[in-house]
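Reading through the structure tokens given below for one structure.
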Amino acid sequence: MAAARAPWLWWWVVVVVGVAVAEAASGGGGGGDGEGKALMGVKAGFGNAANALVDWDGGADHCAWRGVTCDNASFAVLALNLSNLNLGGEISPAIGELKNLQFVDLKGNKLTGQIPDEIGDCISLKYLDLSGNLLYGDIPFSISKLKQLEELILKNNQLTGPIPSTLSQIPNLKTLDLAQNQLTGDIPRLIYWNEVLQYLGLRGNSLTGTLSPDMCQLTGLWYFDVRGNNLTGTIPESIGNCTSFEILDISYNQISGEIPYNIGFLQVATLSLQGNRLTGKIPDVIGLMQALAVLDLSENELVGPIPSILGNLSYTGKLYLHGNKLTGVIPPELGNMSKLSYLQLNDNELVGTIPAELGKLEELFELNLANNNLQGPIPANISSCTALNKFNVYGNKLNGSIPAGFQKLESLTYLNLSSNNFKGNIPSELGHIINLDTLDLSYNEFSGPVPATIGDLEHLLELNLSKNHLDGPVPAEFGNLRSVQVIDMSNNNLSGSLPEELGQLQNLDSLILNNNNLVGEIPAQLANCFSLNNLNLSYNNLSGHVPMAKNFSKFPMESFLGNPLLHVYCQDSSCGHSHGQRVNISKTAIACIILGFIILLCVLLLAIYKTNQPQPLVKGSDKPVQGPPKLVVLQMDMAIHTYEDIMRLTENLSEKYIIGYGASSTVYKCELKSGKAIAVKRLYSQYNHSLREFETELETIGSIRHRNLVSLHGFSLSPHGNLLFYDYMENGSLWDLLHGPSKKVKLNWDTRLRIAVGAAQGLAYLHHDCNPRIIHRDVKSSNILLDENFEAHLSDFGIAKCVPSAKSHASTYVLGTIGYIDPEYARTSRLNEKSDVYSFGIVLLELLTGKKAVDNESNLHQLILSKADDNTVMEAVDSEVSVTCTDMGLVRKAFQLALLCTKRHPSDRPTMHEVARVLLSLLPASAMTTPKTVDYSRLLASTTTAADMRGHDVTDIGDNSSSDEQWFVRFGEVISKHTM
């Protein structure tokens, strides 16, 4: 009987196994064609996936598709990483068919539409990041079905509606980041009963209601950020029970009342309460919060004195108390805060003197005491704060003189002593603070002459000495202020004539000299200040005629009022005669002008004739008595040309051949006899050292050849002017294309990356392969020229000193451009190869953002650092990059590289060889020797939870090559302000 049943049992087993195999093959159990079809459904929702997901072609092996990670046994899709691919369209409901999905990262795209309800069908999901898109609508309640979910990141979208209270039903949720959306309503109280929640980010929404006492129920919550909402009420008295908090930010809401005393029981590293309506005094107990690194109570309505016990906060680096109604004196005990780098007490009602104890703060970077009622002198030992970068005491009642020791503050870039009662002479030592970009001494009682040494501040952007009692002339040395944009010395007693050297200020926007005693004529050279938009010379004793240059016609009559001997030419009816200026010229005067012009023309023609006559050499000298300059030829394409040929081909350097201006030169285009075009650079100033030494340097530079360097073809040095002959670049400079007024050519991502690679390779050659090695010293976007194929060529390295083959490669020759200069230069006054690396990092930021290095008061590097601190760097990407880049992960890596290049300490920066190699690794696979691959299984395995990410930004570097990966590991993650 048993033997008879055996065949039937065998057939039953075969049928069961067959059905199971069939189900597995159809996708019912995990992988297979079912999930492949689901992925194709997901792709169909994306509007522009053709390029980014080119391998998503419906083929059999969906596990090999870009961004897809599968289980090795069942082939079920476990992870989907399509971040930073510039994807548009919507998230398809088909994603809900991927039942085994554990990891979804779609951040940094341009996805629109609503989050599909079907996302709740991905029941195995542990990590969901949809941040940095354009998603709108409500947060779907179906997300609460994801019982395995640990991290939910939806920040930086356009989501609306309330926060679903059902999110509290996700038992394993550790990270909830909904920042920078448009969410409304109260914060659900049930959220605070999730026992495992560690990170709650709700900043930048429109949430209302109050702070719930239940917020302290979360024993594991370390990050609580509700900054920038519409919360009201008071800070809960139970706030002291939030003992797990490390970051507490409730700033920029409408919180009122007093700061609870038991807030001192917190052990937070950051306590940020600014921008609310808090009243009362600062609790003394805050001075016991030893873990504080940042204390921000600014922009409230706090009263009373600053507690002296705050001096016990020995680990606090930032103390912001500005914008309150604080009274009393500045506690001397603040000098004990040895780690303090930012101290802002401005806009209060403080009295007394500036305590000398502040001079002990060796790490102090910014000191702002403006708009108080402080009296007395500036303590001399403030000059001991050698790291000080900004010092502002505007709007007090300080007196005395400027301490001579200020010259020790080599890092100082901003000095504002305006609207006080300072007296005496302006010390000439201020000219030694070589990194100053703003000097404001206005509205004081300074007297005596203006120090000529101020002309040494070559990085100065704004100079304001108005409303004092200064006398003497305007120093001719001001012509050296090549970066200056504003000069205001109005309402003084200045005398003498205007120096013609002011005409060298190519960046000057405003020149304000009204209400002085200036005499003489307005120098015609001022017409060379092509950036000048605001000119006021009224109420002086100027004479002669206003220059008739085109750019002077834009200035109104009011610019020249109160100069009885000054003739102003009216060019339209708008100037009128109502102001009493002389506008009529007699016939006799006209005849004299014409006669004088004829005589001048004759003298000029005679001088030209004599100049062109050959002159004998002076015995024993290599210089002719007079005659045309010699042309030194360094490349064969100029071998048949003479100096006279160049002058003839450019019509004596006629304006119509000008193709650009610089701070120290004008550039002309010249077409040689062969038809080849070259660029002729005419230097404004003569070489100050041995002419033969300069020739030797130029001959050395002319011998350097590299595909990414602009070649020097020849030069001509003489009292007539120094001319340098370079390659002509059809597409001008990178600065012109990024920031110029026309911007005719849009630079896509691939072009920008190739430009960065080319410039890096050129600079790497100068640093490492050139003999002698050369430090450029002025790397900037205007010194990166582009040929007809947009290949980058580094120019102006000829002005650098050659580095000898010794162990030290530093030099003391001062060069650089504001915005690009290494901060370390402020401390040491020395530049080296790593200074060039810093400048290149700024150029790379320009390429990525399309923004200028310095624009008015905005500093690109500081902007990116602040965004790095908020983990919003990708918001700064230029729109043309976003549109044309198919893998935004490459852009993030480029940002990382730029921030590595601009680290504060030179030893932490890479070399240019390393920079060039990493940039090469970012080029498209077709340009690489080996194709790039991305190991997403490694990413999935190493996904870091929020609890492990404190203070760090998790970014997948990819697996470009082992050496590149080691390089990134060597220098570490950089999207953290503490590592800059």
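Glycine residues also receive a Cβ, built from the backbone N, Cα and C atoms like all the rest.
Residues or ranges marked as signal peptide by Swiss-Prot on the basis of sequence analysis: 1-24.
Around the Cβ of ASN81 (N-linked glycosylation site), 24 further Cβ atoms fall within 10 Å across all displayed protein chains. Feature annotation from Swiss-Prot assigns N-linked glycosylation site to ASN81 (among others); the stated evidence is sequence analysis.
When Cβ-Cβ distances below 8 Å are used as the criterion, the repeat 'LRR 3' (124-146) is approached by residues 83, 91, 99-118, 152-164, 166-167, 169-170, 172, 177-178, 183, 874, 943 of the same chain, each at least six residues removed from its ends. The repeat 'LRR 3' annotation in Swiss-Prot covers 124-146 and rests on sequence analysis.
The repeat 'LRR 5' feature in Swiss-Prot is assigned to 171-194. Using a Cβ-Cβ cut-off under 8 Å and counting only residues 6 or more beyond its ends in the same chain, the repeat 'LRR 5' (171-194) has close neighbours at 126, 131, 139, 147-165, 200-209, 212, 214-215, 217-218, 225-226, 872, 945-947.
Taken residue by residue, the repeat 'LRR 6' (196-218) breaks down under DSSP into 5 helix, 4 strand, 14 coil. For 196-218, the entry in Swiss-Prot reads repeat 'LRR 6', with the evidence type sequence analysis.
Positions annotated as repeat 'LRR 7' by Swiss-Prot: 219-242. Listed as Cβ neighbours of the repeat 'LRR 7' (219-242) (distance under 8 Å, sequence separation of 6 or more from its ends, same chain) are residues 179, 187, 195-213, 248-260, 262-266, 272-273, 278, 946-947, 950.
DSSP assigns ASN230 (N-linked glycosylation site) to coil, not to a helix or a strand. All protein chains included, ASN230 (N-linked glycosylation site) registers 13 other Cβ atoms within 10 Å of its own Cβ. For ASN230 (among others), the entry in Swiss-Prot reads N-linked glycosylation site, with the evidence type sequence analysis.
Per Swiss-Prot, N-linked glycosylation site is recorded for ASN241 (among others). A helical conformation is recorded for ASN241 (N-linked glycosylation site) in the three-state DSSP classification. A C-beta separation below 8 Å, combined with a sequence spacing of at least six in one chain, links ASN241 (N-linked glycosylation site) to CYS216, PHE265.
Note on the repeat 'LRR 8' (243-265): residues 203, 211, 216, 218-237, 271-283, 285-286, 288-289, 296-297, 950 of its chain, located 6 or more positions outside it, place their CB under 8 angstroms from a CB of the stretch. The repeat 'LRR 8' annotation in Swiss-Prot covers 243-265, and the record cites sequence analysis as its basis.
Per Swiss-Prot, repeat 'LRR 10' is recorded for 290-312, and the stated evidence type is sequence analysis. Among residues of the same chain six or more beyond the repeat 'LRR 10' (290-312), those with a C-beta under 8 A of the stretch's C-beta atoms are 251, 259, 267-284, 318-337, 344-345, 350.
The N-linked glycosylation site annotation in Swiss-Prot covers ASN312 (among others). Here ASN312 (N-linked glycosylation site) comes close to GLY287, LEU288, GLN290, GLU333, ASN336: these same-chain residues lie at least six apart in sequence, with C-beta atoms under 8 angstroms from its C-beta.
What Swiss-Prot records for 314-337 is repeat 'LRR 11'. Within its own chain, the repeat 'LRR 11' (314-337) has Cβ neighbours under 8 Å at 274, 282, 290-308, 343-361, 363, 368-369, 374, counting only residues six or more beyond its boundaries.
Here Swiss-Prot flags ASN336 (among others) as N-linked glycosylation site, drawing on sequence analysis. Following the DSSP three-state reduction, the secondary structure of ASN336 (N-linked glycosylation site) is helix.
Feature annotation from Swiss-Prot assigns repeat 'LRR 12' to 338-361.
Summarising the annotation, Swiss-Prot assigns repeat 'LRR 13' to 362-385 and lists sequence analysis as the type of evidence. Remote same-chain residues near the repeat 'LRR 13' (362-385) are listed as 317, 322, 330, 338-356, 391-403, 405-409, 416-417 (criterion: CB distance under 8 Å, separation of at least six residues from the stretch ends).
In the shown protein chains, 15 other C-beta atoms lie within 10 A of the C-beta of ASN381 (N-linked glycosylation site). Annotation source Swiss-Prot lists N-linked glycosylation site at ASN381 (among others), citing sequence analysis.
Summarising model confidence by region, the repeat 'LRR 6' (196-218) averages a pLDDT of 92.
Cβ neighbour count for ASN399 (N-linked glycosylation site): 16 (other Cβ atoms within 10 Å of its Cβ, all protein chains included). Counting only same-chain residues 6+ beyond the ends of the repeat 'LRR 18' (481-505), those with a CB under 8 A from a CB of the stretch are 437, 442, 450, 454-455, 457-475, 511-529, 531, 536-537, 542, 663-664, 684, 817-818. In sequence order, ASN517, LEU518, VAL519, ASN563, PRO564, LEU565 make up the list of same-chain residues 6 or more apart from ASN541 (N-linked glycosylation site) whose Cβ falls under 8 Å from its Cβ. The secondary structure of ASN81 (N-linked glycosylation site), as reduced to three states from DSSP, is extended strand. Beyond the repeat 'LRR 6' (196-218), the same-chain residues lying 6 or more positions past its ends with a Cβ under 8 Å from any Cβ of the stretch are 155, 163, 171-187, 189, 224-239, 241-244, 249-250, 255, 945-947.
Annotation: ASN416 carries the greatest number of neighbouring Cβ atoms among the glycosylation sites ASN416, ASN551 [cut-off 10 Å, Cβ to Cβ]. Counted within 10 Å of its Cβ, the other Cβ atoms near ASN464 (N-linked glycosylation site) come to 19, all protein chains included.
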